[in-house]
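Remarks on the structure that follows.
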Amino acid sequence: MKWLLLLGLLALSECIVHKVPLVRKKSLRKNLIEKGLLQDYLKTHTPNPATKYFPKETFATVSTESMENYLDAEYFGTISIGTPPQDFTVIFDTGSSNLWVPSTYCSSLACALHKRFNPEDSSTYQGTSETLSITYGTGSMTGILGYDTVKVGSIEDTNQIFGLSKTEPSLTFLFAPFDGILGLAYPSISSSDATPVFDNMWNEGLVSQDLFSVYLSSDDEKGSLVMFGGIDSSYYTGSLNWVPVSYEGYWQITMDSVSINGETIACADSCQAIVDTGTSLLTGPTSAISNIQSYIGASKNLLGENVISCSAIDSLPDIVFTINGIQYPLPASAYILKEDDDCTSGLEGMNVDTYTGELWILGDVFIRQYFTVFDRANNQLGLAAAV
C-alpha cells in the first residue's frame, strides 16, 4: 500500500505545472497618451515591429534588439532575483531570449523610477566582464551580465545569467509599466550566448516537460498565466493542433494563407509567422494590413492609432489564418480593441526587407483567442481555442 502511495506521489510530481500569473496593465502607449507625451515620443521613435526580428547590426559581445515593440505590451508577471530575493515586473517574451532588469549601476531617471537590482545585497550574485546593449531607436540600454538565482513562480532557477542595466533611455522607459524582459525564445538568438531562463530550468531538472504554455485572458486584469513544464487542458476547448517550428530561433511557423469571407487576402503562397507574447498587436506586411484596415473601416487619428466605430464590431467578418491545414478564425471582437467607448484596430503594418519574404507576427491579439503550447522537446507549437 505504501509503495502504491509513493508511486502515485511520484507520478503526480512528474505532472506538476508551475503556473505564473500575469497581470494586465495599461501599456506604455496608454501611459504616454495620458501624459500628453505620445506625439513627442513618436517624433523620435518610429515603431517598426520588424526591427525586433531583423536588427541592423550584431556584435560578438554587444547585441541589438528594438524596444519599440513593447509600446503596446499589457501582460506582466513578477519574478525575483538574488538572495534574499528582489522582485521585478517583467514581460514574458517569446520573441526574445535574454533576461534583463534595471540595476543600481544605472543612474538614468527611468531606472530611478523602477525597481533596481542591487548585486551587493545578494549573497549569491556572481559578476562577469561581459556587456549587453539593447537599442531602442535613438539610444540604447547598456549593461553588464551576471549570474544569480532567479525565482519564477515556484521554480528556483540557480546560476542564471541575466543583464543588469547601466543606462536606460528616459522617455522609452520612464513610464513603462514593467522593469525588464524575460525572453522565452530559442538560445540561438540569445545575446552574448547567454542561456535563456527556460533552458536553464530544463537543464537543471526543474520542470518535468521541456515545454511551457500561455493563456492570455480577455479579462481586464486577472486570469492570464504562463505555465512552465506542462499543459492545463481546462484553459482550452477541443484538442491541440500541432504545428512544426520552421526556424529554431523565434517561435516561427509556416502559415498557409490569410483570408476574409473565403477570399485569400494575403500569404497566398504560404508565408512565415512568429508567435510572440512580447508583441501586443497582430502584425503583417504594410500593404496587406493597410488593405484590411480599409476593408474594416479603420482610419488613423492624430496619435497614429487606427480607430474604428465600436458599433461596427458585430458586422465585421472574421480574419482567418490557415496554419498547417487548420483554420484559426479571428473574430472582430478579438482584432478590434475596445476601451470604454473607444475602439481601435489591433492590426499593425510592418516593413520587412524583401529578401525575408512575407512575415506575420501573431501577437497577443491572436494568443488571447488561442491557448498556445511552446514545445521545445519536439520543436512545435500547439494551438487550441482558449476558454
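Glycine residues also receive a Cβ, built from the backbone N, Cα and C atoms like all the rest.
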Completion exercise
Disulfide partner of CYS310 per Swiss-Prot, picked from CYS271, CYS343, is CYS343
Practice task
Out of CYS111, SER129, CYS310, point to the one nearest CYS271 (disulfide bond) in space (Cα versus Cα); all of them are recorded positions in the record.
Solution key: CYS310
Handout entry: Which of CYS111, CYS267, CYS271, CYS310, CYS343, the listed disulfide-bonded residues, has fewest other Cβ atoms within 10 Å
Key = CYS310
Fill in the blank from the handout: Most Cβ neighbours within 10 Å, among the active-site residues ASP93, ASP276, goes to ASP276
Handout entry: Model confidence over the domain 'Peptidase A1' (75-384) (mean pLDDT, whole number)
Key = 92
Exercise for the section: For CYS271 (disulfide bond), name the DSSP secondary structure in the helix/strand/coil scheme. Expected result: strand
Fill in the blank from the handout: Comparing the Cα of CYS106 (disulfide bond) with the Cα atoms of the recorded positions ASP93, SER129, CYS267, CYS343, the shortest distance belongs to SER129
